[in-house]
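Read through the structure below, which is laid out as structure tokens, and then see the notes.
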């Protein structure tokens, strides 16, 4: 096999950040499960930090395999992988193991994988493959529909499991769509609608909001050149938004009660601090009590004494916040920001559209996880069960993020060998 | 069109990082409420309740001690019930009570322990101990309740109980917490700060299930509790016990004082209750029961009941007259019964005879001389001036206001002032004929049994008293008692005037209280009868003995027992004998008092 990796083309900065995050995660997992009265070694396989080290070790094997593979492999495998994971997702509800009413994983014995996790990079590859064609233009409705179709199939299948958190992650690919030319007006409209939904949930009296929307629309109609078309468009938008305002409470009331509660807790964590609000309340207490420099490694009380649920997986950030304080948060968030920015820079230097699209998909998925996970631990976002990339405990999670990222590092390292197909 | 988008995405990335860090900065650095919440979460403050001080009698005999009791605690998060009926059976708890307590516990804290059942007796504790393991989230804490070797002295010793909400609000030192025990009456209340000791605290870390995770910061914040101070009281256990035996079934008061020190030897409020009833789990129930009795056993008569002093007040009148130079031993008045009724006795009488015979007309006339000294030509004005001067002198005898003994709730009785009469009759519209009943201790005069006993002490001491008190020593040190109890109060009458009084009192009992005479102990006493508009008069007697070296001064009130010479004098005499001799030889008199049939 032709050796196409040039070591000096590998983006070592990204790899360095990757390992920094992975080992910060590993130390924090140990802190999360550490019991002062029954202290075990960080390597002890009977505790999660020991197992995580096994996951880290196997991830390194995966990295080596990916780096050794032919870069064209991923391009060729894009569609077959996508189809494979669709089949697995279809099979999951029938052959998978049920936990808390959700069927997320399939496998034999203790070796289990969550197809939903891995389907992310398969979907990213499939989209990249589909969207790289020169004729593809996201500003055209025809292509918009096709791209969304590829995106929506796994989403629907995951929603059937049901796993809302993972399904939401797929929508993060809208960031990649944005880079690839999906019209701005949809984003503005989307952001506007989210803002109105949040406002109407947060504000008791919807009338104020309706009046405000009406006033803004009227202002926009009167501003600048006036025309019939413009008046009609803005009037319709205004009426639509007011309609959303009034229907949102109804829609929320139709959601399953646990999701309803997660949303309401966001606006008022005190409504039920022992029940629904427990996670967020305890998580905020843990992080908030960390102060500027934290309580010191292994000195946390909130995470250590099980006040925070899921502290080694989805709520791993609590351990960090409590034991290393704001300074620790600053380090980890800076590492993530650096990684994300680095990925953008790498994506922009790709010579073909396939790599660039895939790079932005990686960015989208990592950014969404990073943003939503930390935001939920500090009460800025409803509690959704998604892990913090590279830090959270768990094999499926670490492997899928590793594969996701390193396929792109591999593409980037091989960019010199690729044909310039950029359009 | 899309060439600016990578930059926009980078800006958004930075924005996300910035927003997260800003929010983190606000909860981690700016808002310190989370630190406190975290400590409340994971750090449990275990209060180490100190041992409450013991109370001894004047001879070192134990009056009050501590007895361990057990509280059943629950941690709601861990507590789960499968078989409710069995649980209710084992733990002897009512279903409604269980539900109520559990709900309260849940509201207080999901993870911290609350009381599920209070004050389980040692025997019940032994029974439930083995079942505890079947019920996660339940455990036992130990504390102690007050116990009494002898069921006596209930009013003087007082009781402790859970601190009230109002008392908690008033507690500016923030020492007390909900559920703490505090002295509510008697010595327990007055000497709360000495007896309670100092609470200690241990800070331990607990996990979400309330399981102990070791000391917080290696225990640097832990403090040890300090035991309460032991108090030696002035009470004589044997005398108190004997007195309560005599007062059994009667209503009234006994106060016995050591005249030279003001130490209260015995203080009885009858009817009394068993102090053991106001401890432990049944406190609430028993308190309700006692409180609703028509005989009011919780009412502390020696310091709260007020009666007109009656004839005994004549001694005070005599002393003021002698000191003022208005009366002399040889001053004579006729027993003019047209002025006020009197007993059958020779007339006229001198001062000695007036005391001995308790002559009412004598004091009617003597009092007029004290009041109307013709300072003003206006009779009304003259009476007002006289009364004001007289009131001041009477007050020196510890009358008209609370003496300030070491017990809360002490009342002061009353001596009417000229303002009082102005209010009732109008200014310048009352004169001696309006107020003459004060001369013989009737009318608007009110005194408590404690003040009466203090009068006996004053007569015994020939003109001074120490504020009566119940505390003799703190942790064995007599110098630690409040300084006000070592302050001598002079009543403003020279000692020489008392000889005649003492002689007359010693003589008087042969006439009015023959039952009180003890063969080998010279006793000086004076009977009184407090008029009772609602029924039979109250029997009153004060005395001190031995006359030449008084060791005990006593006041006895027996309500609705008629004339003072019978019930009160007999009781006082027996107690004096008991105290001075250590035993009572006059069994006949003792039986007479125990029978309690004084009227006929």
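Keep in mind that glycine also has a Cβ here, set from the backbone N, Cα and C atoms.
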>> Quick test of your reading of TrEMBL: among A:34-52, A:53-71, where does it put transmembrane segment?
In response: A:53-71
>> Checking feature assignment: transmembrane segment per TrEMBL, candidates A:119-146, A:147-174. Which range matches?
In response: A:147-174
> According to TrEMBL, which stretch among A:99-116, A:207-224 corresponds to the feature transmembrane segment?
Replying inline: A:207-224
> the transmembrane segment (A:324-345) vs the transmembrane segment (A:78-96): three or more C-beta pairs under 8 Å (separation of 6 or more)?
Replying inline: no
>> Same chain only, please: residues at least 6 beyond the ends of the transmembrane segment (A:207-224) with a C-beta under 8 Å from a C-beta of the stretch. Say none if there are none.
In response: 196, 199-200, 230-231, 234-235, 237-238, 241-242, 245-246
> Do any residues of this chain, six or more beyond the ends of the transmembrane segment (A:390-409), have a C-beta under 8 angstroms from a C-beta of it, and if so which?
Replying inline: 10-11, 14-15, 18, 21-22, 24-25, 28-29, 32, 48, 51-52, 55-56, 58-59, 62-63, 66-67, 74, 105, 112-114, 117-118, 120-121, 124-125, 312-314, 316-317, 320, 332, 343, 346-347, 355, 358-359, 362, 365-366, 369, 373
>> Which sequence-distant residues neighbour the transmembrane segment (A:147-174)? Criterion: at least 6 residues beyond either end, Cβ under 8 Å.
In response: 82, 85-86, 89-90, 92-93, 102-104, 114, 116-117, 119-120, 123-124, 126-127, 130-131, 138, 182, 187, 190, 259, 361, 364-365, 367-369, 372, 384-386
